[in-house]
Amino acid sequence: MILMMVGIVGCGAIANLITGFVRDGRVPVKLGFFYDRDLERAENLASMVDGRAVLDVADMLPEVDLVVEAASPEAVRDLVPEILEAGKDVVVMSVGALMDPELREMLVELASLNDATIHVPSGAIVGLDGLKAASMGNIESVKLITRKPPRSLGISMDEKKVLYRGRASEAVKKFPLNINVAAALSLACDRDVDVEIIADPAVDRNVHEVTVRGDFGEFKTITENVRCSVNPKTSVMAAYSAIKLLKSLSENIHIGT
C-alpha cells in the first residue's frame, strides 16, 4: 500500500500527538514535512519520524498529498489558500476561522477549482454526527455551554464567572484560541448557535455541554476533556479527532454520518 504523504503546519500540542501516533505505527501515513514559525519546534518533531522541517509551506507542497493545519486562525487565512491552490487536501483544526463567511466561501471555491478537499475534524466534542443528521430536518435550537479552568483561558480568578453569552460568531472573535467547538457546531448545522462560556476554578477539565432540539426529538451531550500537557488550551480529544480522521482516509469503510 502506498502511504499518503502528510505535512503539518503548526508544531504544538496537536502536532505532537499526531507525530507520536505515526511514529508508533498507529496511523498508516507518511509524515514527511513540518512547518512552524519556531523552526526548532518543527525540527524536533521531524526528528521523531525521519521527516523534514521546512522554512516555507511552499517547500512541502510539491511532495505532500494532504496538509494538517494545527496552528492558528491566522494560518487558515494566510496559508490554507496556498495549500488549496496547489491542489492539496487540508485538515483545518483552527475551525473558528471558518466562521468568517467570506473566507469560508473563498476556501471552498479554491478547493473546488483545484480538486481539493477541506476536512474539519469533530474536535473536542461528541455529537456532530447527530447534529449533521438532525440538520436534514428542522432544528429548533442548539446551545453550547463551555466550562473551563481559568488557567486554560489565560486568566486568574477564585470564583465562577460567565465570560460570554451570545452567538458563536461573536464567541470565536472574543476567544479565537479557545472556542473552536462553537464554530464546529455552527458549521455542522449551518446556524449561529447559542454559546455560554464560563470560567470555573472548580473544574480541572474543559467541559462542553451541547443541547439540540428539533423535529427529530432532542439530544444532549456532555464532554469532559483532559487538557494537553503541552498546551492547556487544547483538549486531547481534539488531537484524537484529527488522528482518527487521518486514519479513516486510508480505510475502506466509514462509520458515522
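Cβ atoms are placed via backbone N, Cα and C, with glycine included.
In Swiss-Prot this protein carries:
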- Ala124, Asn180: NAD(+) binding site (BINDING)
- His208: active site (ACT_SITE)
Pick the one among the recorded positions Ala124, Asn180, His208 whose Cβ has the fewest other Cβ atoms within 10 Å in this structure.
Ala124
Round to a whole number and give the Cα-to-Cα distance in Å for the pair His208 (active site) and Ala124 (NAD(+) binding site).
8
I want to verify one value. Collapsing DSSP to three states, which class is Ala124 (NAD(+) binding site)?
coil
